[in-house]
Amino acid sequence: MDIILASGSPRRHELLAAAQLEFSIMSVDIDETPHDDESPKDYIQRMVTTKATAAVAKLNADHQNNQSQLSTFSLALNIPFIILTADTIGVLPDGKTVLVKPTDCNHAYSMWQRMSDKTHQVWTAVQATQVILTAIDKTNSNDSISSVDTIELQVIWQQQIIERTDVSFVPLTPDMMANYWNSGEPADKAGGYGIQGLAAAWVTRINGSYTNVVGLPLAQTLALINDASNGYNNNKIKLIS
Ligand SMILES: Cc1cn([C@H]2C[C@H](O)[C@@H](COP(=O)(O)OP(=O)(O)OP(=O)(O)O)O2)c(=O)[nH]c1=O
């Protein structure tokens, strides 16, 4: 089943490629600001759902404007495919504080000081959204002239997983934090660090999936993709709308 990874994360591209899966890539741009007092679970589920909705809307809009990425993805009518979206956050030991990408140096320092010499968690949510390209009859019942059928993506199934990994840090000194910020690596990463990069020196141990920390729990994502493919093939999936 064709897969579109709706993500701008180079780490996610690399991880899915490591699974030797064929997939296409598109990016979506959404507001990732957490709501006040939003729980980590509510936030991360909202993120992957919003990214999936934005991806479907972008593909439909491009198609309507005849700039169809659908043709780019050579998607066929009535053949389902999967849109994968993901979101990674840090969660402090209080179980409530969400750690996203740092807005600036001070924000990074404030997160790191609360992670220093402690164990936090990294959560990644992944959503598989199965869509199908269908011809929609837009006949207007108020007049006898039916408009030309249009082709639209319809969601027929979606499922989310959330994977959690414990990550323990060494005590962080001001020099360690300053040097790391100046490396430029923290800017585009949840919690302001990359375990696969220079921050590997900060990690004493993890408990759980390593790829989940990097941004895509690979074994679990492959199981989700299989669920979607097998579900459709075994006619377990009914059209949602
Ligand atoms: C904790 C951690 C996060 N990250 C990255 C993974 C994600 O790319 C990023 C979390 O931000 P996300 O918003 O999850 O992802 P993104 O904005 O990079 O990409 P998109 O929303 O388009 O899918 O942090 C690492 O690379 N290494 C790490 O150790």
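Every residue number used here counts from 1 along the chain in the order it is shown.
Here the Cβ of each residue, glycine as well, is placed from N, Cα and C on the backbone.
According to TrEMBL, the protein carries these features:
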SITE      Arg11  site 'Important for substrate specificity'
ACT_SITE  Asp87  active site, proton acceptor
SITE      Thr88  site 'Important for substrate specificity'
SITE      Gln196  site 'Important for substrate specificity'
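Projection of TrEMBL feature records onto the structure.
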| residue | record | DSSP class |
| --- | --- | --- |
| Arg11 | site 'Important for substrate specificity' | helix |
| Asp87 | active site, proton acceptor | strand |
| Gln196 | site 'Important for substrate specificity' | coil |
Inset, instruction - Express the distance between the Cα positions of the residue listed as 'active site, proton acceptor' and Arg11 (site 'Important for substrate specificity') as a whole number of Å. - result: 12
Inset, instruction - Starting from each candidate's C-beta and looking 10 angstroms out, tell me which of the recorded sites Thr88, Gln196 has the most other C-beta atoms. - result: Thr88
Legend entry - Cβ neighbour count (within 10 Å, all chains shown) around Asp87 (active site, proton acceptor): 26
Inset, instruction - Taking the Cβ of Arg11 (site 'Important for substrate specificity') as the centre, count every other Cβ atom within 10 Å, in any protein chain shown. - result: 20
Legend entry - Rounded Cα-Cα span from Arg11 (site 'Important for substrate specificity') to Thr88 (site 'Important for substrate specificity'), Å: 11
